[in-house]
């Protein structure tokens, strides 16, 4: 027990030490000054290739690549991951969630460290068919998050399917690998066709995604073992989540990337704490899975019909609750706060104040309340708690469904 507490404390202290050292040495600015000109040059040099690809523009291609981008976007994964929990594949669901959070953190950190531009529009034609794509266009370009996430998540999904089915057929493995490569290729081509990325963004997303996937395949069993049966899991992960909110680089100009990281950071905390506390009751490997007699397709559809509206309600309620609690708590502790979006009474009264509210503070300014920063953006805490509650609700619907299955099974056994 003492050794576990020691390595957990050492891990958290190590990250905090890195944050302080990185801030003192101004690591972000130095890396940006080295990488940004090189990347910007390749983005500009890649414009003719984008224009050449866009010469084949057609309404059907616009619709196809726009739809494909939506299918592998963060909102899609946010909606897809609860379905995995409800299907009974808890291990896959929690590992995909943690991998998504890790990919989101690493990809967005690199984006904001480099702060490289997207292809200039015009001359490039940029297609943003959805509000999500419009928000994505506000982020920096390198690496392509769509490419990075697709490599990691589709690759891990293929690994899980082959391991779960214990299929050793070489033809099946080759076919699965080919499908993953085809999907990644279409995603990369689509991001260029839509004018969202240049070739250097796609190549970097592919390379970074492969490194992250290799790393995750090496450690995910240890991570899963810690989540389901470790000690001090919730407290450790809560501390880690809090530090990761601070251990985030300051971009050259504000972008939505930090908001995405905050949301998935909260989701990861909600999933880890929920699974750790209820694993042996509802999330072990023997739970009913879809397409079996214990969990038929109608039963799975019933979970969806009840779970999705419930999640939306909980998302709204947890956001409202956090908007009420956090300002009260901050005022009680004497912490000056502001809000750029959620709390109207805390917004700046003029454009200058609103602009200041959008700026993300530096490492140490985020970490220590005794810094010279005038106020702290409460929206980060609201978003974090909102998505942590959303993840808890996803598990809760699976728990209730499991209770119903167990109750029905026990009734049948008693009758027999």
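Just so you know, glycine gets a Cβ as well, placed from its N, Cα and C.
No curator has checked TrEMBL annotations; they are predicted automatically.
What TrEMBL annotates here:
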- 6-25: transmembrane segment (TRANSMEM)
- 64-86: transmembrane segment (TRANSMEM)
- 93-217: domain 'Phosphatidic acid phosphatase type 2/haloperoxidase' (DOMAIN)
- 146-162: transmembrane segment (TRANSMEM)
- 174-194: transmembrane segment (TRANSMEM)
- 200-219: transmembrane segment (TRANSMEM)
- 226-248: transmembrane segment (TRANSMEM)
Candidates 6-25, 146-162, 200-219; stretch with most C-beta pairs under 8 Å toward the transmembrane segment (226-248): 6-25
Which of 6-25, 146-162, 200-219 contacts the transmembrane segment (64-86) most, counting Cβ pairs under 8 Å: 146-162
For the transmembrane segment (200-219), sequence-distant contacts whose Cβ falls under 8 Å of one of its Cβ atoms, 6 or more beyond its ends: 39, 42-43, 46, 99, 102-103, 106-107, 110, 116, 118, 141-152, 155-156, 159, 184, 188, 191-192
Whole-number mean of pLDDT values that fall within the domain 'Phosphatidic acid phosphatase type 2/haloperoxidase' (93-217): 90
